[in-house]
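Single-structure report; data block below.
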Amino acid sequence: MQFIDQAEIQVRAGKGGDGIVAFRREKYVPAGGPAGGNGGPGGSVILRVNPQLQTLLDFHYTQLFKAEDGQRGGPKNMTGAAGNDRIIEVPAGTMVYDTETGALLGDLTDANQTLLVAKGGKGGLGNKFFLSNHNRAPDYALPGLEGEERSLRLELKLLAEVGIIGLPNAGKSTLISVLSAARPKIADYPFTTLVPNLGVVRPPNGDGVVFADIPGLIAGAHQGIGLGHDFLRHIERTRLLIHLIDSTAEDPLRDYVTIQTELEAYGHGLSDRPQIVVLNKIDALLPEDLTDLQARLQSEIHTPVFAISAIARTGLDALLHQIWQELEQLDLATEDASYPGSGAIEGLTPGLLSRGVVE
């Protein structure tokens, strides 16, 4: 299954049923009054979050979604049946835009959250509605109204609290695989990870925290170079970034600056997101070389630098302890510890991701 995080679809609500012209025709009422029923309302198109979905792949096979039309009215003042709504299931984290205007219609983050994107047309009025003192036998009715139709752009942004970033081959996939039960593809060449991977890690006391291994970024990523900004958007909802650096690289400091530059150029506050800087692959360094490198980095970037070997599983306890501390401080700093940018918009009635959980 492909990881698809963008799609365009067309939605069309149902037309309202027509009202009808009818009169009472009973045995002892040969000239009864008007009795034409109203048409039923057309069905609406509604998006609904299915937390089991992880991709927008299905929308690349089906682009047009239509709700049912309402039924025409009936005699004896019977209202026509309403058209059935069309429910479209989307993954959590789906942002919905009006293609024509670019307006954000909704940000769907919660299980079973819904968003009305095309309202069904009203049913037409039957001739009974037009009965008055001046017209005791109206012989006209109104047709149903057309339902709303619009083009939508869907954009999936992963719901992860902790994002693992770094240049290709920094060891991001290895790290998420040892911290969680996720099993991403791992190999010794750049861009092994071509899709984001999710893993759930449980702190000593608390619910699981979702980590996302974001595919390797390179210089110019914000302009679409390499894997490009297609995956930078998935960092936007994170609360904390783990900036992973290959300690065996030619110039680890330059690698750090490269990623920071891309975050700043992309915008959306990514460069200001809380970060934990981590040197990986320290099992390949001599102790004195590691000490020198760690000290040089800390003096240049003015922040603590953690040292780990994901493959040897060393230094992970200290790193996790720091992660839990950072998240706890973020919780205390805000009354609402939800993902940045999540929530409904006021006034408006993805190969497969790897997932794992570890205790």
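Quick reminder: no glycine exception, Cβ is built from N, Cα and C everywhere.
The domain 'Obg' annotation in Swiss-Prot covers 1-159.
What Swiss-Prot records for 160-328 is domain 'OBG-type G', and it gives sequence analysis as the kind of evidence.
Per Swiss-Prot, the feature GTP binding site maps to 166-173, 191-195, 213-216, 280-283, 309-311. Here Lys281 (GTP binding site) comes close to Gly171, Asp246, Ser247, Thr248, Ser309, Ala310, Ile311: these same-chain residues lie at least six apart in sequence, with C-beta atoms under 8 angstroms from its C-beta.
Look at Ser173 (Mg(2+) binding site): DSSP puts it in a helix. As annotated by Swiss-Prot, Mg(2+) binding site applies to Ser173, Thr193, with the evidence given as sequence analysis.
Each residue contributes its Cα atom, and for Ser173 (Mg(2+) binding site) and Pro215 (GTP binding site) those atoms are 9 Å apart. Neighbour counts of Cβ atoms within 10 Å were compared across the binding-site residues Asn169, Ser173; the minimum falls on Asn169.
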